[in-house]
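Copied over from TrEMBL, here are the features:
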DOMAIN    7-394  domain 'Major facilitator superfamily (MFS) profile'
TRANSMEM  45-62  transmembrane segment
TRANSMEM  74-92  transmembrane segment
TRANSMEM  98-119  transmembrane segment
TRANSMEM  131-153  transmembrane segment
TRANSMEM  159-181  transmembrane segment
TRANSMEM  215-237  transmembrane segment
TRANSMEM  249-269  transmembrane segment
TRANSMEM  281-299  transmembrane segment
TRANSMEM  305-324  transmembrane segment
TRANSMEM  336-360  transmembrane segment
Amino acid sequence: MRYFPPWLLLLGALTALGPLSIDMYLPSFPAISHSLGATPGSVQLTLASFFIGLAIGQAIYGPFSDRFGRKPPLYFGLTIYILATIGCIFVTQIDQLIALRFLQALGGCAGMVVSRAVVRDRCNVQEMAKAFSTLMLIMGLAPILAPIAGGWVTTTAGWRAIFAFQMLFALICLINVHFFFKETHDTQHSPALELGKVLKGYATLIRDKAFMRHALTGSLLMGGFFGYIAGSPYIIIELFGVPAEHFGWIFASNAAGFIISSQFNVRALKNHSTSKLLRRALYFPAFSGLSLFLLQVSGLLNFPLLLLGLFMFVTSMGFITPNTSAMALQHQSKQAGLASALLGSLQFGCATLAGLLMGLWHDNSALPLLTLLAACSAGAWRLNRSGPVTVAKV
C-alpha cells in the first residue's frame, strides 16, 4: 500500500476536522474568557462538551454507516458541523458556546467513525496499522499548524475568526466527499437498522475481551492526551507566562513528535508485530507520566522538565494509537462501523472525563494534569499486560 493514496488523504482530512476543532482555539482560551466574561474553568468546559459530543455522536454514526453505507453519514454530519460552527461565531455567552461546541462535535465526529470503518473495509491488520499511522501523519499536521495559526488569528482578528476558518475547512471537506469519496461498504445485504440489534451488537463487542483490552488501552491514554490538551494552555500560558502565540509553537513541537513516531511505526511494522510494538511503546507514557507527577509533588518540577515530559508522553501516542486501533478492529470486518463507533466512543468518553476533570479540578497548579497523566499511563500499561503476548507477525 502506498503511503499517501488519494482515498487515505481524504480520510485524513475528515479525521483532522476533530483535532482542528480542538487545537486551533486552544491559544484563544484567555481571550474567550475575557470576551465572554467567563472563568478559565468554564472555558475549559467548552472542550469537555466537545468531547461529550464526540463520544455520543460516534455511537450513533457507527450503526448508521453499517446499514446505509459510509457516505450518507458524512453528508449529514458535515452539514451539522457547518451550521453549529456558524453559530459559534456569533455567541455572546459562554453557555451558548458550550452548547454549540457539543453540536459541532456531534457533526464532526462522522468523519472519524467513517474513516476508521473505511480503513477496516480495505485493509488487513498490518495494513490497517500502517494506514492508521498515515492518518496520524495527516491529522497530526492539525496540532502542528492549528495552534500556531490559532494564536496568530486570535492576536490579529480575534477568536471568532477561528470558527470562521473551521467552517470553511468543513465546507471544503463536504465538497470533496460529494465528488471524490467512493463507497466501500455494500449495503445490499445489510440488516435493517433496529435498536435491539444495535444494542446486541454493542453488547457482543463489550464481551469481546481482545477488543475491549486494546480499545481501553488506547482510550485511557487518549484520556491523558486530551487532559493535556485541556490543561496545558492554562499551565503554560498563565502559570509560566508564555505568550499565546508562543504556546502554539510549544504545542506544535509536541505534535511533530507525534507525527514522527507514527511514521517510525510504519517502518517498524515491516519487521515487528503490532502487539510487540505496542507493549514496548507503553513504557514511554508510563515513565513520563509518573516522573512528572513525582517531580510536581516533590517541588522539583520546572518548565524545561515539564516540556520534556509532555513531549515524551505525546510522542509515544504516535506508536500507541495506530496499533491499539488496528488490534481492536482486526476481527470486526462484519461490523466495522459498529466497532469503530464503540472504539471512538470509548476514546472520547475517556477524553470527556479528562476534560471535565481539568475544568472542575482547577487549583491554579499543574497537579491535576500531571496526576491524570500518571493514572492514565499506569492504567493503560497494566491493562495491556493483562492479555496474552503475541509476537508473531499477523
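Note that Cβ sites are derived from N, Cα and C of the backbone, with glycine treated the same way.
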Sequence-remote partners of the transmembrane segment (249-269) [C-beta within less than 8 Å, at least six residues beyond its ends]:
3, 23, 26, 126, 129-130, 133-134, 136-137, 140-145, 147-148, 232, 236, 242, 277, 307, 310-311, 314-319, 321-323
Against which stretches of its own chain does the transmembrane segment (45-62) lie, if we need a Cβ under 8 Å and a gap of at least six residues from its ends?
18, 21-22, 32, 73, 77, 94, 97-99, 101-110, 112-114, 117, 202, 226, 229-230, 337-342, 344-345, 348-349, 351-352, 354-356, 358-359
